[in-house]
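Asker: Sending over a structure as structure tokens; questions will come in a sec.
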Amino acid sequence: MKKMDNTAAGSWTPDDNPTPPTVKNSCHPNLKRFLASLSFAYFAKALSGSYMKSTITQLERRFDIPSYLIGIIDGSFEVGNLLVIAFVSYFGAKLHRPKIIAIGCVLMSFGTFLIAMPHFLIGRYKIETSVRWSVNSTNNLSPCPASSPESTRAGDSPSLLNSRGCERESSVSMWIYVLLGNILRGIGETPVQPLGISYIDDYAQTENAALYIGCVQTISIIGPVFGYLLGSLCAKIYVDIGYVDLETLTITPGDARWVGAWWLGYLIAGTITLMSAVPFWFLPKSLPMPVDKHDSSCTPEQTRFIKDSPTMEHKFRPEEPANLHQMAKEFVPTLKSLLGNPVYVTFLCVTIIQFNSLIGMVTYKPKYIEQHYGQSASKANFLMGMINIPAVALGMFSGGVVMKKYKLGIMGAAKFAFGTSLLGFFLSLFFFAMGCENSKVAGVTVSYTGVEGLSYQEQSLFSECNSGCLCSRRDWDPVCGENGITYVSPCLAGCSSSTGSGKYTVFANCSCVALPDTQQVNLTASLGQCPRSDSCDKVFPYFLALSVLSSFIISLGGTPGFMLLVRCIRPELKCFALGIHSLATRTFAGIPAPIYFGAVIDTTCLKWGNKMCGGRGACRIYNTSAYRTLYLGLTLGLRTASFFLCYPGFALLKRHIKMEEKNALTNGSAELESLRKEENSSEHCEQFIPASDCIPDRETRL
């Protein structure tokens with residue numbers, strides 16, 4: 001086509017008509033503005049998304065819900081995306097893409113504000129505690145109430161106080177607002193990626209497109225850095241800050257019952273997302289074509305002819321109103337054409353499995369750090385934001401640079417992405433060796449004499465040492481004995497008195513707290529769980545280092561893998577393919593992965609909390625060894641399954657490249673033959689009439 005255009009313009013001079021709008025080697029100013037705006041939008045959506053991940057344990061505790069239900073809330077974002085992704089990516093590509101992205105950002109911000117709403121509707125957070133305060137004294141009542149004939153040791157019935165509190169609770173679970181807000185966030189996020197990436201790929205130099213997309217995705221990785229840091233900051237602040245005297249609190253941020261100011265971060269994230277919508281309202285629908293996507297030697301008439309050609313529709317975005325009826329008729333045939341590409345379908349299956357592993361791992365990684373290594377939610381989020389996420393950002397950017405520097409083609413990008421994923425997989429196997437032992441909790445993981453390997457049952461919480469106390473097995477108010485063993489409550493530790501107040505309360509005369517070697521009994525206990533062993537503290541830095549290294553290596557293949565998706569399909573299907581890719585990964589990975597990962601993690605819970613109105617609440621302590629085995633095993637098992645699909649994928653890709661090369665040679669020969677006929681016709685024409693009069697006829701024959 002290019003040679004034909006040059007021939008057709010052989011007699012045309014620059015004075016006849018102005019040249020069509022093109023962009024030389026520099027980036028068009030509006031494209032720079034779009035890049036900046038899209039980067040900010042990516043930053044905003046990534047910040048709010050990562051903040052949601054950082055508040056998982058806070059939401060569990062605040063609403064007393066298990067991990068699988070948190071997985072449903074987290075997956076609801078993908079449900080919202082799923083509702084509109086196919087239509088937005090298909091119809092949006094033919095409409096005003098920047099304005100559609102702006103509308104999406106506004107919806108995202110409204111959804112984020114809706115998530116924070118329950119805090120202002122629900123009552124104050126009530127800490128589950130067994131410590132009873134005297135009304136007329138600063139001293140506590142005895143944590144070991146005497147048994148009475150009317151009392152039952154089981155303590156299964158809610159107290160009268162809890163019943164009164166239960167009456168004041170709303171009949172509608174407040175976590176429903178979080179679910180609906182996350183769905184709205186998902187709907188609003190839909191147009192940002194497919195429309196934004198296709199806009200860049202349409203109007204950027206071909207050789208620069210990978211770098212630009214790498215930059216945008218790098219910015220999107222920086223968003224989670226601030227999201228997790230925001231989560232770390234808010235997790236330190238008590239949920240009812242300003243309404244509660246912090247000196248009276250009996251828990252610290254490291255306690256399994258602590259809830260931070262989760263709602264504050266959503267207000268901040270919603271405001272930032274709303275601001276990101278503003279620039280898109282002032283950007284044009286289309287931009288001038290770059291020089292490598294448009295032959296500047298063509299006349300305006302030729303340019304208009306090419307623009308009107310159905311095979312070049314993706315290259316030029318005319319400003320005429322789109323025919324929605326015609327687009328709807330073409331939807332199903334276009335979908336069939338896309339799914340008829342075996343390379344695309346295979347790549348889609350591989351990424352679905354990989355995304356299941358990635359999403360499940362990232363969703364519960366802060367919780368894994370909390371439960372396995374005894375870190376607070378604030379510290380876990382801080383480490384994710386300052387150490388892990390920057391490594392991913394550097395890897396994504398480095399992958400784009402490598403692809404640009406070495407000019408990797410489709411096959412080169414596929415091999416690079418596969419190699420980095422495989423190397424990261426082997427490194428991740430070492431996580432199994434970086435484990436910690438279960439915390440020593442009397443009646444849960446060890447016996448009251450300190451013997452490990454106890455099979456937990458509710459009756460194992462009771463022992464001869466606390467038989468004189470009326471204790472409830474429902475309570476979770478842990479205390480750390482002088483012997484280094486944690487007890488579920490002061491009552492179950494057999495403590496008969498206490499001194500101090502708030503988090504500085506110390507329990508004395510604890511009949512179950514003893515040092516077997518010294519025969520010392522009736523020792524003291526302090527509030528909170530006992531710290532982890534020194535060996536666990538020593539292995540934690542190695543876990544962080546390996547986590548950073550494996551994350552960097554795996555993310556190196558992110559940008560090449562994304563460009564493989566864009567380049568393995570016909571250009572006019574590019575935007576639609578991105579939308580279907582997002583649709584499939586969200587449907588089969590984003591929605592189910594957090595749910596079944598959460599359900600698997602719930603099976604490792606040893607002691608559940610209890611809701612005020614009865615029923616099971618959030619988990620208080622997990623079986624650390626089982627948690628590690630199932631969490632890491634499921635993550636790496638899914639990645640192993642994806643590698644088996646890569647072998648046929650490479651075979652199909654190799655065949656696809658050969659077919660493309662063969663078609664290019666065939667089309668080139670036909671074009672050369674047509675060009676020769678055109679030249680002969682031109683010479684014959686010019687013998688009788690002026691050359692300028694031959695050009696229109698030549699264009700007609702084109």
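The backbone N, Cα and C atoms fix where each Cβ goes, glycine too.
TrEMBL labels come from automatic prediction, so no person has curated them.
Here's the feature list from TrEMBL:
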| type | residues | note |
| --- | --- | --- |
| COMPBIAS | 8-23 | compositional bias 'Polar residues' |
| DOMAIN | 459-514 | domain 'Kazal-like' |
| REGION | 1-23 | region 'Disordered' |
| REGION | 140-162 | region 'Disordered' |
| TRANSMEM | 68-88 | transmembrane segment |
| TRANSMEM | 100-122 | transmembrane segment |
| TRANSMEM | 209-230 | transmembrane segment |
| TRANSMEM | 263-283 | transmembrane segment |
| TRANSMEM | 343-362 | transmembrane segment |
| TRANSMEM | 382-402 | transmembrane segment |
| TRANSMEM | 414-434 | transmembrane segment |
| TRANSMEM | 539-566 | transmembrane segment |
| TRANSMEM | 578-601 | transmembrane segment |
| TRANSMEM | 630-653 | transmembrane segment |
Asker: For the domain 'Kazal-like' (459-514), provide the mean pLDDT of the predicted model.
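Answerer: Averaging the confidence scores along the domain 'Kazal-like' (459-514) gives 83.
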Asker: If I count Cβ-Cβ pairs under 8 A between the transmembrane segment (343-362) and each of 68-88, 100-122, 382-402, 539-566, 578-601, which range comes out on top?
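Answerer: That would be 578-601.
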Asker: Where else in the chain does the transmembrane segment (209-230) make close Cβ contacts, counting only residues six or more beyond its ends and a cut-off under 8 Å?
Answerer: 35, 38-40, 42-51, 53-54, 196-197, 200-201, 265, 268-269, 366, 381-382, 384-386, 389-390, 392-393, 396-397, 399-401, 403-404, 555, 558-559, 562-563
Asker: Among 68-88, 263-283, 414-434, 578-601, which stretch has the highest count of C-beta pairs below 8 Å with the transmembrane segment (539-566)?
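Answerer: Stretch with the highest Cβ contact count: 414-434.
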Asker: Can you tell me which of 68-88, 100-122, 263-283, 414-434, 578-601 gets the most C-beta pairs within less than 8 Å of the transmembrane segment (630-653)?
Answerer: 414-434
Asker: Who are the long-range neighbours of the transmembrane segment (263-283) in its own chain, taking Cβ under 8 Å and residues 6 or more past its ends?
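Answerer: Contacts of the transmembrane segment (263-283) (Cβ under 8 Å, skipping residues fewer than 6 from its ends): 30, 33-34, 36-37, 40-41, 43-45, 47-48, 51, 54-55, 98-99, 101-106, 108-110, 112-113, 115-116, 118-120, 227, 230-231, 233-234, 237, 239.
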Asker: Same chain only, please: residues at least 6 beyond the ends of the transmembrane segment (578-601) with a C-beta under 8 Å from a C-beta of the stretch. Say none if there are none.
Answerer: 66-72, 74-75, 77-79, 81-82, 85-86, 88-90, 186, 190, 193-194, 197-198, 335, 338-339, 348, 351-353, 355-357, 359-360, 363-364, 367, 565-566, 622, 627, 630-631, 634
Asker: Counting each residue once, how many in the domain 'Kazal-like' (459-514) are helix, strand and coil under DSSP?
Answerer: 9 helix, 14 strand, 33 coil
